[in-house]
Amino acid sequence: MLGRQVTMLLKVIVAVAVLFVWHRSRDSSRGDGSNGDGLSDSSGNGFRLEHIWAYDPEDVVSSCVDVSEEMRVSADEYVSMESGSEFVESWWAKTGARPFSHVFDLRSRSMDIQRLQDRDPVSMEKYIDFSLENPELARTIELEWETAKIQVPDVRNRNTVLALALMSSNAYVRTPYTGDWRNLSSSWGHTGEEKFGWDKDGLRGHIFVNKITKVVVIAIKGTSSQGLFGSGEEDTITNDKINDNLLFSCCCARISYLWTTVCDCYMKSYTCDENCVEAELKRKDRYYAATLKLYKQVTEMYPDSAIWLTGHSLGGALAALLGRTYGVPAVTFEAPGELLPAKRLHLPLPPGLPDYEEAIWHFGHNADPIFMGTCNGASSSCSIGGYAMETACHSGQYCMYDVVNDKGWRVNLLNHRIHRVIDEVILEYGRPAKCQRAPTCIDCYNWKFVNKRRNRREESSSSIASSSQLTSSHSESETLTSTDAPEKTCIGRNWLGICTDYGV
């Protein structure tokens, strides 16, 4: 009898221990145990890749393909055959995973944000165009803002941060599938040759949808570069490099006279035409303009869904810029400092709201020179590769893993790769990095930026004022002259009628 009681007691102890371990493991997987709202359930209704969007900057054409079940199978088989290659390992953290079929689990939380009342994409593009042409007048416009409670990614939850990082890595994935691409550019008046299929050179976005919760996540592809940034794949290198050098350099990637600049805004030593750079950023064949199209087309496909943004490297910076433009949440990974291009684009910010209170979170670690803004100088890896990564300042909040002290890492460009961030940072830390206000910094402090448009107006006003003063002085002189020498009248004439005597 006593032996049976001991056996039962041992079974109870084992059961309690199992439950304790299970609860601890569940809390650990949730990061800090935050009780955010789940955006996935046991039936697998989470986020799946539903569309791939591509943009051709040469013809200013965007196209989209729906990810069908047939495409999932063929694309996952292609990835499986490439398992173990440098290509796969550079963008996907789990070799052999199925990125086209994977169901992502994200958690959300409520957050009060200030955003524009009119967030219609057409209205926003008109405002940005106007602010670039007339920045002084744009500052006088009183935009209408609203405070709204929205659902944002719970960045305190490790699984949520991990899922967004995997989505960002997913955006690097190429597929051999070339059928059923739809042209989405007809509304922009495109009349040239339509290109369908996989376009290697341009911006790409992977669109993940949760049809139950009506949330859409747009993951924007980062920089592709052979042996430099993160993907190991050579697609989109040319345009990625142009946009990197335009967005994150002080002046068109003018490092020295040996460099070929990406725009003609350089004036002289450490002097740059500010209006020229701003206009270059908004050109229709640049990536920021492409992200505006991407957002517009996704909102047309899912008008009743909330939009979240994510991306790695260049893709993260573009996600942050797009998030500020429309007031939607953005979570980035190892993004270069994007505060300078945000200011150059004159993106709206609620009056009195510090930029660190926006719904933008930048995750990164201090062994990545691009995220830290230290990959510059003639001998840096970025400069040797032809990249002018001169910005360090971020908008929103700053979430940094201290791998230098915690893991003994040294600053190295290889640490920028997305798969290393996922495998050796996010997965190895028990909790996500704490998000806080970004350090105070100033980009390009030693440069002089000339506002030629403002100078021309001031010169014109000065010229008009000088002309008015000269005219006024001339009139006063004439008045004084006529007053000092009043007109004389004739007081005597000869027999012919000619005046011979004058008097006052």
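Yeah, the Cβs are placed from backbone N, Cα and C, and that goes for glycine too.
Under the heading transmembrane segment, Swiss-Prot lists 2-22, citing sequence analysis as support.
Within the model, the topological domain 'Lumenal' (23-504) carries an average pLDDT of 80. Annotated topological domain 'Lumenal' per Swiss-Prot: 23-504, in sequence order, evidence recorded as sequence analysis.
Sequence annotations record features per position, and here Swiss-Prot assigns active site, charge relay system to S313 based on sequence analysis. When Cβ atoms from all protein chains are considered, those within 10 Å of S313 (active site, charge relay system) total 32, not counting its own. Reduced to three states, the DSSP call for S313 (active site, charge relay system) is coil.
Residues or ranges marked as region 'Disordered' in Swiss-Prot: 458-484.
Under the heading compositional bias 'Low complexity', Swiss-Prot lists 461-483.
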